[in-house]
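Colleague: Shown below is the structure under consideration.
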Amino acid sequence: MATNWGSLLQNEQQLEELARQAVDRALAEGVLLRTSQEPTSSEVVSYAPFTLFPSLVPSALLEQAYAVQMDFNLLVDAVSQNAAFLEQTLSSTIKQDDFTARLFDIHKQVLKEGIAQTVFLGLNRSDYMFQRSTDGSPALKQIEINTISASFGGLASRTPAVHRHVLSVLSKTKEAGKILSNNPSKGLALGIAKAWELYGSTNALVLLIAQEKERNIFDQRAIENELLARNIHVIRRTFEDISEKGSLDQDRRLFNWEARLLLERSCAAKCPDIATQLAGTKKVQQELSRPGMLEMLLPGQPEAVARLRATFAGLYSLDMGEEGDQAIAKALAAPSRFVLKPQREGGGNNLYGEEMVQALKQLKDSEERASYILMEKIEPEPFENCLLRPGSPAQVVQCISELGIFGVYVRQEKTLVMNKHVGHLLRTKAIEHADGGVAAGVAVLDNPYPV
């Protein structure tokens, strides 16, 4: 994908001055992270890394990604309500992957007791890359859907002003006007507020469970501030706090919290609830690509099924048996065309190239391979941009981008009361980094420039 910032990227002196101005504007707008040296303190902060220029994104693909998001919301919700599908799909995975097995044990226990909650909230982010087709045209292909680690809605709401500023400094006011308005934090808060309202108690609080060392606190505060503006109060706790202090009353109302099982057994509206977290696993993503699966989960919705299926890349099971053997043989024959994915969130866990080959050779005859899936590697067209990181000089590098669309849905019992797309997130990284996002220190924040 060609870039029209080409001549600007060649002028080193101008880049340095623009970078200084961009960083100052990012700090003024609140595009912030705590530092790695002081992750528990906001006394010293830095700007979150970002691109100096917005990156070009085909308008048609951006529109396609938005158009399919409500379908993905419906699909995740349908999967989360289909206990038989989850059990069948994850049966081999839970024998080999302890993390998924523990989640599934909680799911089974809650089903046995009877699900206490009546309000269900989904805050998702579906991530895509632009696959370079043989004729050179790009196609939208899904990497994954995040049902639990759907972050950066807050900071993504603040970066458009930074790129508009950079282009305005260059007297490119027409181009600055093309930077899309984007406010995921407001939309995400809208979903939480609807779930809070349906919960039915004006004394209810929103509990945000965070890591103890949370560098990305300002991203979360953006959503908290939106809720506070609606007079909905948020309290922050860690899982450790919950384990120590949590208990339920006789009506299974949550007063403080106990780790995951305690949460799930309560009538609080969880985001995600355990079934929705399981719906976001890589194994479920792979099974959804099988012929007939979408039709079974979304009966009578052929248009939605077509929109969803158009975004799927090739996905392959590694379960023991002929199908898994064939997938491994394919990957070993052409390793540059595939990615090996474990059942993990957050970036930095996938295996590529020689690492993938070694892992597959070790796993080939082991049942442990069922804890992974194989995916076709998406190959976008690289482009040039300038990446800005604290403590590093401005760097013009060959990049690729990943587009995320935020989705929100709320269901009360069996009735869907909200289903929306609420904004986007563009992250860009140098092409030498195969895997990892902003939180992993690899990608930087960006904005789409529609072309």
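Placed from the backbone N, Cα and C atoms, the Cβ positions cover glycine too.
The following feature annotations were taken from TrEMBL:
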BINDING   R125, Q220, R427  substrate binding site
BINDING   E144, K282, 341-350, Y352, 375-378, E402, K429, D435  ATP binding site
BINDING   E144, N146, E345  Mg(2+) binding site
DOMAIN    205-255  domain 'Glutathione synthase substrate-binding'
DOMAIN    256-279  domain 'Glutathione synthase substrate-binding'
Colleague: Write out the long-range same-chain contacts of Q220 (substrate binding site), meaning residues 6 or more apart in sequence whose Cβ is under 8 Å from its Cβ.
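Modeller: Set apart from Q220 (substrate binding site) by at least 6 residues yet with Cβ under 8 Å, we have G154, L208, A210, E214.
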Colleague: When you measure from the Cβ of P342 (ATP binding site), how many other Cβ atoms are you left with inside 10 Å?
Modeller: 17
Colleague: What is the separation, in Å, between the Cα atoms of Y352 (ATP binding site) and R427 (substrate binding site)?
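Modeller: Cα-Cα distance, Y352 (ATP binding site) to R427 (substrate binding site): 20 Å.
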Colleague: Just how spread out is the substrate site if you go by the largest Cα to Cα distance in Å among R125, Q220, R427?
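Modeller: 18 Å is the greatest Cα spacing among the residues binding substrate.
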Colleague: Mind tallying the domain 'Glutathione synthase substrate-binding' (256-279) by DSSP state, helix then strand then coil?
Modeller: 12 helix, 0 strand, 12 coil
Colleague: Just the number: how many Å between the Cα atoms of N146 (Mg(2+) binding site) and R125 (substrate binding site)?
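Modeller: About 5 Å separate the Cα atoms of these two residues.
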Colleague: Out of E144, P342, K377, the binding-site residues in the record, which is closest to R427 (substrate binding site) when you go by Cα distance?
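Modeller: Closest by Cα: E144.
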Colleague: Could you measure between K377 (ATP binding site) and R125 (substrate binding site) for me? Cα positions, answer in whole angstrom.
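Modeller: That comes out at 20 Å between the alpha carbons.
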